[in-house]
């Protein structure tokens with residue numbers, strides 16, 4: 001049965017002692033902060049009674065958490081607290097395959113659902129006896145370790161859309177443990193990767209090409225014995241290559257190797273771009289000087 005629940009009933013009280021908690025910002029309290037994304041899991045007594053979940057956060061469509069074998073989306077057991085097709089808040093269960101939209105699953109053994117939508121903050125509490133399903137089925141009473149994922153985003157007529165932001169835990173945790181889960185700082189690496197690639201190919205590279213195209217015949221100013229336009233062009237394009245290499249290293253380090261190379265077209269294009277970026281300066285070094293016969 002769905003009924004209203006006061007936001008004050010969801011808080012970080014008991015985190016680390018009686019329940020497992022994961023939040024963004026770390027250690028925020030949803031009972032006092034409207035900008036807190038929060039989930040908790042508490043194994044009831046006796047354990048066969050199930051797990052009590054709490055989930056809340058400011059979102060336009062949904063807040064979700066998932067149990068995962070890794071820190072990436074794919075093969076994850078997900079619970080969502082979001083707006084359904086009628087605009088009411090409800091709990092959904094879903095399973096993700098790759099980076100496509102999660103597939104909504106039957107709720108299964110979920111009970112005691114309570115929901116709230118106050119001032120744009122969605123909140124849900126519920127009890128689940130469902131096994132955790134990732135690459136295999138695991139009982140909720142087992143000590144199997146999982147990464148925790150937390151995300152939020154918009155929805156349209158009850159259909160969840162791509163999340164606006166997501167967070168993962170820094171280490172695997174057992175559902176039966178009582179701890180405050182720390183957020184994985186490595187996610188900043190992938191954001192830095194994106195920023196550096198945008199800088200390289202949306203700013204530095206176009207500037208380098210325009211300098212070579214439009215200034216090579218209009219400037220006779222010399223620097224270090226070379227035309228000024230040429231010095232600027234070489235410098236900017238060198239920074240483009242260096243920035244691309246750094247961005248590639250960040251992404252490679254974040255993923256931990258080649259495991260996700262076949263996960264979509266993006267990593268394939270990234271490797272192709274890196275190869276072409278490295279080939280260009282090599283060809284430039286082999287090019288004859290302008291005064292060469």
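Quick reminder: no glycine exception, Cβ is built from N, Cα and C everywhere.
TrEMBL: automatically predicted annotations, no manual curation.
What TrEMBL records for 35-153 is domain 'DOMON'. Along the domain 'DOMON' (35-153), the predicted structure has mean pLDDT 87.
Annotated domain 'Cytochrome b561' per TrEMBL: 157-293, in sequence order.
Residues or ranges marked as transmembrane segment in TrEMBL: 196-216 (among others).
Per TrEMBL, the feature transmembrane segment maps to 228-252 (among others). Note on the transmembrane segment (228-252): residues 189-190, 192-194, 196-197, 199-201, 204-205, 207-208, 211-212, 215-216, 219, 221-222, 267, 270-271, 273-274, 277-278, 280-281 of its chain, located 6 or more positions outside it, place their CB under 8 angstroms from a CB of the stretch.
Taken from TrEMBL, the feature transmembrane segment covers 264-286 (among others). Among residues of the same chain six or more beyond the transmembrane segment (264-286), those with a C-beta under 8 A of the stretch's C-beta atoms are 98-99, 201, 237-238, 240-241, 244-245, 248, 251.
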